[in-house]
Amino acid sequence: MEYPVTRMRRLRQSEAMRSLVRETRLEPSALIQPLFICPGENVRREIGSMPGVFNLSIDEALKEAESAKKLGLGGLLLFGLPAEKDEQASGAWAEDGIVQQSLRELKKAAKGLLLIADVCLCEYTSHGHCGVVKKTRDSYEIENDKSVSLISKTAVSLAAAGADIVAPSDMMDGRVAAIRDELDEEGYENTPIMSYAAKFASAFYGPFREAADSAPQFGDRRSYQMDGANLREAMREIEMDISEGADMVLMKPAMPYLDVVRAARERFDVPIGAYQVSGEYSMMQAAFAKGWLEPERAMLESLVSIRRAGAGFIVTYFAQQAARVL
Ligand code: PBG
């Protein structure tokens, strides 16, 4: 009888042994929690398709921030649901916009916790698109350059309100350069830009649109978000964002695009994050509710896989849940 010389199982025989040789680790400081802030007081409204995720009024968001800080999370990513929407997305760049107000409050209440402001127009436009829409007789067009000027105005107003990082998620061309320019001009040269450099037009954003009330009223986002079939184009997008001044880049969604994360990690030396989006969260929650997946193990496995693919940090709706078990 011949025995195997190399026995891979030797290093798998106990948790202590496995833990010693583990290649990929998760820590709370690499997790970013998205928050959806809405007007009012004492509002904590669960999102139907996202169990455990809420629309929160500012007072409730403060409690959430405190617990995020206690758990040692890497930061919060803020989205806003304005009381009113219009064609110019004025709620996105208003000095007293919902996210601007919450930034001022959070800044006082959760010192040391990174506050990242998502920069986009879709939650604030009446039509739900991420840019300015020009309607023609039987069609419409998203006006890139007009959108970019509102987007950079939004970024400055969020920085002024106290955002530690601004994160443009609109996918208009030239927005990173425009934002960098305006930030520098207004004295926010130290505010980093985390660009959603490779953001795919994904069906997995479905539940988010319920959470942020931002579904386009007509058409879809395929003229600005990327075609899910394209990896090389994603590399060009990242390269451009970095050359325009992005300090770090995000890939999104995460699990269906782990190859993009890996390719980006091998090619670029800026910090790279991935966004485990609403649909990724919701499908797992649905399976947990049916008893089809073990919640804790499936959650951690999904996060480890994103990390292993090369993401230094992860935006995830599981942030607090995961931090609790780590
Ligand atoms: C805004 C934005 C979206 C998401 C993040 N920022 C929605 C979209 O592009 O439709 C999706 C996040 C998620 O699904 O969790 N443009």
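The backbone N, Cα and C atoms fix where each Cβ goes, glycine too.
Since we're looking at a predicted model, the values are computed, not measured.
Classification of K199 (active site, schiff-base intermediate with substrate) by DSSP places it within a strand. Per TrEMBL, active site, schiff-base intermediate with substrate is recorded for K199 (among others).
As annotated by TrEMBL, active site, schiff-base intermediate with substrate applies to K252 (among others). Around the Cβ of K252 (active site, schiff-base intermediate with substrate), the same chain contributes S169, Y196, A198, K199, F200, S202, A274, Y275, V277, each under 8 angstroms and 6 or more positions distant in sequence. Following the DSSP three-state reduction, the secondary structure of K252 (active site, schiff-base intermediate with substrate) is strand.
Look at TrEMBL and you will find C120, C122, C130 tagged as Zn(2+) binding site. Its Cβ placed at the centre, C120 (Zn(2+) binding site) has 28 other Cβ atoms within 10 Å.
Feature annotation from TrEMBL assigns 5-aminolevulinate 1 binding site to R209, R221. Taking the Cβ of R221 (5-aminolevulinate 1 binding site) as centre and 10 Å as the limit, one finds 21 other Cβ atoms among all the protein chains shown.
As annotated by TrEMBL, Mg(2+) binding site applies to E237. Here E237 (Mg(2+) binding site) comes close to A197, A198, M226: these same-chain residues lie at least six apart in sequence, with C-beta atoms under 8 angstroms from its C-beta. E237 (Mg(2+) binding site) carries a helical DSSP state (H, G or I).
Mapped onto three states, the DSSP output places Y317 (5-aminolevulinate 2 binding site) in coil. Residues or ranges marked as 5-aminolevulinate 2 binding site by TrEMBL: S278, Y317.
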Exercise. So which of the recorded positions is most packed in, judged by how many other Cβ atoms lie within 10 Å of its Cβ, out of K199, R209?
Worked result: K199
Problem set entry | Env. residues of Zn(2+) site, Cβ within 8 Å of mean position of C120, C122, C130 Cβ | L121, E123, T125, H129, G131, S169, D170, S214
Exercise. Those recorded positions, C120, C122, K199, E237, K252, Y317: which ones have a Cβ sitting under 6 Å from ligand 1?
Worked result: C120, C122
Exercise. Going by C-alpha distance, which of the binding-site residues C120, C130, S278 is nearest to R209 (5-aminolevulinate 1 binding site)?
Worked result: S278
Problem set entry | Cβ neighbours within the same chain of Y317 (5-aminolevulinate 2 binding site) - under 8 Å, at least six residues apart | Q33, P34, M50, G52, V53, Q276, S278, Y281
For this session: Tally every other Cβ atom lying within 10 Å of the Cβ atom of C130 (Zn(2+) binding site).
Result: 26
